[in-house]
Amino acid sequence: MTSNSGSTALRDARRIVVKVGSSLVTNEGRGLDEAAIGEWCRQLAVLVQGGREVVMVSSGAIAEGMKRLGWRTRPHEVHELQAAAAVGQMGLAQMYETKLRENRIGSAQVLLTHADLADRERYLNARSTLVTLLGLGVVPVINENDTVVNDEIKFGDNDTLGALVANLVEADALVILTDQKGLYTADPRKDPQAKFVHEAAAGDPALEAMAGGAGSSLGRGGMITKILAAKRAAGSGASTVIAWGREPDALLRLVRGESIGTLLVAQTAKHQARKRWMADHLQLRGAVTVDAGAAAKVRAEGKSLLPIGMTGVSGEFSRGDVIAVRDADGVELARGLANYSSVEARLLCRKPSSEFERLLGYVAEPEMVHRDNMVLMRG
């Protein structure tokens, strides 16, 4: 099925997560493919210089480590895989740093585990760092921290990580670059009747039946992981494109509105998806009461909540917990992720940010709840 929605999903995307797999990043297992990485970095630079924000999720550390260690086949022992990841991550980060710098774009290395994103405080810290980097025009290059996490090496995949990062930074779109042109109704290598899927709804159960299962010996995921990643990304309102990574100027053509690969469309708008997630799936831990001025800014303008506008704190909560923002009449205006614990919040009520360091000994954020981590409940 095709439609015009594909022409706008990437064209209108301001914040994009790009995931590239091992089979593309590496030169048939003989270390990193410098030319390919250089080409993607050139395209990333054009996107950033054009006003877009881009996060790169890249596989390749283990494959590069295998090459540097002289290993011809992927080992099975976890500690050997972790050793390869540690060795290879050095080269992977250096390659991206070099190629992005050649295009006058800064880069940053970020290693994450699923546990980092499952813990709300670490989630908030990771989000703040990534959003800051994007605001600086830097391209964060993210990989799983395979060296310290056994389960990710055994069962994880960077398709899932790409979707989690898309959720984390509230991306408008996820682009998964792979060694196939997209999704087919069956394996085209085995079934001559297989038809290419240009567009479908992310999360459609029929997609999982279509997807092939096995990946290459270098990587960890087949097409099924990409289908599930698109479903996860759609949960926060991000549409996903699965496309051939060697397609000339694939990223640039996608943002121009060209139809490349398979588009899996999120069925829920980004703000609506985030509001539903925060309102329905995270337990409310406490609340802050705000004065009339702060209430007006939150309600009418969707502004961040500053501690100077807070008049009271109820409940016991930690940084990263979900709290309610209420006006003087007890009406719930919004919900959001707290940047400070309840103990700290009580100290910060009615205080300007200039006094935070004196009161707490540090400054985490100037806001109690940032507008990017807040959803309005009324109005």
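A Cβ is built for glycine as well, from the same backbone N, Cα and C atoms used for every other residue.
Per Swiss-Prot, the features are:
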BINDING   Lys19, Thr178, Asp179  ATP binding site
BINDING   Ser59, Asp146, Asn158  substrate binding site
DOMAIN    285-363  domain 'PUA'
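Known features from Swiss-Prot, placed on the structure.
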residue: Lys19; record: ATP binding site; DSSP (3 states): strand
residue: Ser59; record: substrate binding site; DSSP (3 states): coil
residue: Asp146; record: substrate binding site; DSSP (3 states): coil
residue: Asn158; record: substrate binding site; DSSP (3 states): helix
residue: Thr178; record: ATP binding site; DSSP (3 states): strand
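Cβ neighbour count for Thr178 (ATP binding site): 25 (other Cβ atoms within 10 Å of its Cβ, all protein chains included).
With DSSP classes pooled into helix, strand and coil, the tally for the domain 'PUA' (285-363) is 28 helix, 24 strand, 27 coil. Nearest in space to Asp146 (substrate binding site), taking C-alpha to C-alpha distance over the binding-site residues Lys19, Thr178, Asp179, is Lys19. Along the domain 'PUA' (285-363), the predicted structure has mean pLDDT 94.
Other residues of the same chain near the ATP site, with their Cβ within 8 Å of the Cβ centroid of Lys19, Thr178, Asp179, are Val20, Gly21, Ser23, Leu24, Ile176, Leu177, Gln180, Lys226, Ile242, Trp244, Gly245.
Here the C-alpha separation of Asn158 (substrate binding site) and Lys19 (ATP binding site) works out to 7 Å.
Cβ neighbour density within 10 Å is lowest for Asp179 among the binding-site residues Asp146, Asp179. Across the structure, Thr178 (ATP binding site) and Ser59 (substrate binding site) are spaced 11 Å apart at their Cα atoms.
Rounded to a whole number, the C-alpha distance linking Lys19 (ATP binding site) with Ser59 (substrate binding site) is 8 angstrom.
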